[in-house]
Amino acid sequence: MKAKLLVLLCALSATDADTICIGYHANNSTDTVDTVLEKNVTVTHSVNLLEDSHNGKLCRLKGIAPLQLGKCSIAGWILGNPECESLVSKKSWSYIAETPNSENGTCYPGYFADYEELREQLSSVSSFERFEIFPKESSWPKHNVTRGVTASCSHKGKSSFYRNLLWLTEKNGSYPNLSKSYVNNKEKEVLVLWGVHHPSNIENQKTIYRKENAYVSVVSSHYNRRFTPEIAKRPKVRDQEGRINYYWTLLEPGDTIIFEANGNLIAPWYAFALSRGFGSGIITSNASIDECDAKCQTPQGAINSSLPFQNVHPVTIGECPKYVRSTKLRMVTGLRNIPSIQSRGLFGAIAGFIEGGWTGMIDGWYGYHHQNEQGSGYAADQKSTQNAINGITNKVNSVIEKMNTQFTAVGKEFNKLEKRMENLNKKVDDGFLDIWTYNAELLVLLENERTLDFHDSNVKNLYEKVKSQLKNNAKEIGNGCFEFYHKCNNECMESVKNGTYDYPKYSEESKLNREKIDGVKLESMGVYQILAIYSTVASSLVLLVSLGAISFWMCSNGSLQCRICI
């Protein structure tokens with residue numbers, strides 16, 4: 001009996017066997033990503049794909065400063081409003097910045113024909129040559145070119161007029177018919193602007209042009225229009241009851257434009273030979289110009305980012321990330337981050353059987369932890385880690401390269417009468433934006449799911465690699481660990497890690513230890529059976545003695561009568 005109890009104690013005592021475990025890296029990262037199946041999954045490493053910051057400034061693009069119109073509008077700048085005189089010398093720019101409430105536009109009130117289309121044309125222009133299309137002194141010898149000024153276009157307290165137009169008036173009591181032409185020899189498109197004056201009454205018409213009925217004719221290969229002044233009293237705007245309507249056309253190289261009139265012509269003085277440049281544009285912004293360089297400019301500020309997406313502003317100029325409405329686009333590159341032994345939630349542990357990551361393993365994503373008589377330690381599996389890093393890096397770079405189409409996205413111009421078209425355009429743009437946002441988010445969700453599954457598979461493969469080497473020389477004890485049936489020193493452990501484990505070398509020792517352990521189990525079972533029998537017999541005797549004592553007590557006090565019949 002003593003021998004059996006000794007065997008039992010030996011079986012119950014813990015064995016100090018050598019072990020090796022397969023595990024994965026964990027750290028103190030708080031990065032979270034979303035997948036198709038889960039939200040806010042904490043991971044060890046991730047990359048952000050969404051730029052959400054800007055510097056709040058207007059910066060140079062490719063070393064070229066923008067054209068800041070200040071208090072002037074596009075109309076004020078291109079017509080030459082006297083209050084915009086500082087802009088006359090500007091010849092090149094990376095983009096044009098206009099404030100939302102620019103004060104100086106058309107100083108003399110009137111209608112600017114096809115203004116939105118002109119803005120659209122200028123948005124693709126990066127420089128121009130301003131030149132005299134009809135020199136002031138020599139082109140109009142029979143007309144007055146100095147008295148055409150107005151208080152509405154005053155400059156430094158004096159009446160003035162646009163710097164790029166001439167208001168031709170009567171000279172010496174007459175306004176002879178005029179005919180003037182220009183041939184475009186610039187080898188570029190030339191922007192030509194002019195106007196037609198509409199007086200408020202017939203007296204002004206006669207005073208300025210010496211005739212009641214007048215006309216203005218403008219003709220080129222692609223433009224042909226005849227204007228008749230509309231004389232009528234109108235509400236005062238900028239203290240003017242008259243109006244000037246403004247017109248423009250683009251003259252192709254080699255084309256000719258002809259002006260004919262017998263009154264009311266606001267003649268071209270300066271024209272512009274346009275140079276178009278990819279990436280230019282017009283933005284409306286209150287931001288100030290700063291001494292900074294950027295690759296991408298938005299109305300909010302400049303963006304310096306190589307990320308494929310941004311949520312700063314849909315209007316961009318330069319090499320810009322694609323705008324999406326997302327608030328988070330983060331792609332996982334590492335593993336699920338579970339630093340301690342805890343559940344991974346609905347989907348269990350990583351690789352299906354390992355409950356927690358190792359913060360002690362810092363030199364790789366997957367690896368080993370061993371324990372033997374010589375000590376314990378962590379070691380990364382460099383080959384599987386490097387293969388995973390290469391694969392994921394290539395995938396992330398591929399995603400960024402495919403989605404990182406840098407481009408300019410400027411707003412489209414519509415006038416007040418085209419409100420329905422503008423609303424329709426917004427709906428179309430919103431639809432495209434929703435599609436882009438959905439595609440970006442779905443791409444990230446799918447790739448995150450694939451990456452985490454990829455890591456799970458790598459851990460599982462590493463486990464199976466060890467299992468296939470050890471075979472029955474060790475037993476699986478759960479949580480990714482194996483317990484050796486033989487002594488495994490550091491050299492032995494290293495052979496398991498590098499795939500050179502010598503199974504036959506340790507198989508005999510393992511077999512003997514397995515048989516000993518199996519024998520201990522059988523002896524333990526015999527002891528447990530003996531103890532069970534003794535326990536049953538002892539319990540029965542105690543029960544019988546108790547019943548006898550109770551019966552004797554009851555018979556002695558008369559509570560129980562006992563009769564024996566023969």
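Just so it is clear, glycine is given a Cβ too, placed from its N, Cα and C backbone atoms.
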Cross-link partner of C153 (disulfide, per Swiss-Prot) out of C84, C107: C107
Second cysteine of the disulfide that Swiss-Prot assigns to C296, among C320, C481: C320
For C72 (disulfide bond), the number of other Cβ atoms found within 10 Å of its own Cβ: 23
Per-residue Cβ crowding (10 Å cut-off), top of glycosylation sites N104, N498: N104
Model confidence over the topological domain 'Extracellular' (18-529) (mean pLDDT, whole number): 88
Local Cβ density at N40 (N-linked glycosylation site) - other Cβ atoms counted within 10 Å: 9
Three-class DSSP secondary structure - C488 (disulfide bond): coil
